[in-house]
Amino acid sequence: MGTSDLRNAPPGTWLPARRLARWIFQPLERFLHVQAASGIVLLIATAVALAWANSPWAASYERLWHTPVRLGVGSYLVERDLHFWINDGLMTIFFFVVGLEIRREIHQGELSVLKRAVLPVAAALGGMLFPALIYLALNPSPPERSGWGVPMATDIAFAVGALALLGNRVPAALRVLLLALAIIDDIGAILVIAVFYSSSISVTGFGLVAVGIAGVLALQRFGVRSPVVYAAAGVVIWAGLLSAGVHPTITGVLLGLLTPVHPWFGEEGFLAEARRALEDFQERATGGHDARELTGPLAQLSQARREALPPVVRLEAALHPWVAYGIMPLFALANAGVSLGDVHLGAAGSTRLLLGVVFGLTMGKPLGIMVACSLSVKLGLAALPRGVLWRGVLVVGCVAGIGFTMAIFVAGLAFGAGQRLGVAKLAVLLGSLISALVAMAVGRLVLRPAEAGQIAATADEAEASTEY
């Protein structure tokens, strides 16, 4: 056994087996480091769900996601189906990662300047208003009129995955703009659901949310660093939002925005703490101490390593792979299976409903986002992020037309069950697919890979840019 093999393999390793494992898993590891890999996995999961839901085995698809799952402690039990725990439980972690990224950008990124933070707010408002107006123009009368909220929503998971397929053509600031826009859009959609599509709102639930948020702030004041304790406070917030009739995944956004952005030790503190830990380790190791006594300096070194980074950065790095390759594909598999067998476009009002949703997503979203961004910049209220040109905003507008699961959810509230719901689902599917394809085509035409590194020299240059 060579020296390099001794260094690269734990004691007791059978080297032929280790080489075989490396030969098998290295291509997978290289794939996972490709920027668009998460988007590819997401699209594969979507295709599987669609094929499964429209196959002879469609009943097994429905049966799987309606499997009851019971969680609880002692006599307090909550039983919901698997679909609920994925959409309202696991997706909270996705929203937490999104909240972390937004928090980091607000602190030291492109959103740290108020003038630039205004842009995603304006984009989200325009991206909600124009689709609703287009839909209402085509469907002015009830009962189809009640579906005006369907094309307003942007599906963050699918939109981010689709944008990832463009790889290094997408500047980091453009992705942040989409994330911020989609978060605000999603909050807007939830407010629409709460105000126009909800039967009742529980004030008690919001009281529980306030208690949870106060708990998080108190824990930070006491210097508590354990993620488990904060997760417990997050469960309280989640339960409060669920009880209040608000989508509980907003818990993730709230916790992400509350996450500290300053490290405990920092760079200099880490070096000093690590130096002390290594000196202690060397003293104990050379002094013939029992191996168990080495755990102290190693724990000290581990704490220094952990606290050298801000919690917002550390948590984002730890959770991102799980979200990108686990939660998001599972979410797609559970939600993308739209059965099209019962859709009849010949029924009264069906064609207008279909066109209202499709045009709202494919035309209303990019048009509303472009108009709102242009007005806010021209009026001096906002500025384009550094490195983002108007052509990039156009791509974001197209990607934002991927409504999918949130749009389907709103459709269920607007139309209940029956023919109109089937048409609305088909329209959401078509509109989202067209938006994704148009975004890919436009992105490959107008965004060049080199642009990822071409940053506007100044904020004024980015703001004044009219180049597409």
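Including glycine, each Cβ sits where the backbone N, Cα and C put it.
Feature list (source: Swiss-Prot):
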type     : residues : note
TRANSMEM : 31-51    : transmembrane segment
TRANSMEM : 82-102   : transmembrane segment
TRANSMEM : 118-138  : transmembrane segment
TRANSMEM : 147-167  : transmembrane segment
TRANSMEM : 176-196  : transmembrane segment
TRANSMEM : 199-219  : transmembrane segment
TRANSMEM : 226-246  : transmembrane segment
TRANSMEM : 321-341  : transmembrane segment
TRANSMEM : 353-373  : transmembrane segment
TRANSMEM : 393-413  : transmembrane segment
TRANSMEM : 422-442  : transmembrane segment
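Counting Cβ pairs closer than 8 Å and at least 6 residues apart in sequence, the transmembrane segment (422-442) and the transmembrane segment (147-167) reach three or more and so form a contact. The stretch with the most CB contacts under 8 Å to the transmembrane segment (393-413), chosen from 82-102, 147-167, 176-196, 199-219, 353-373, is 147-167.
Within the same chain, the transmembrane segment (82-102) stays apart from the transmembrane segment (353-373): fewer than three Cβ pairs sit under 8 Å, each pair at least 6 residues apart. Of the ranges 147-167, 226-246, 321-341, 353-373, the one with the most Cβ pairs under 8 Å to the transmembrane segment (118-138) is 353-373. Here the transmembrane segment (353-373) lies next to the transmembrane segment (147-167) in space: the count of CB pairs under 8 Å, restricted to residues six or more apart, reaches at least 3.
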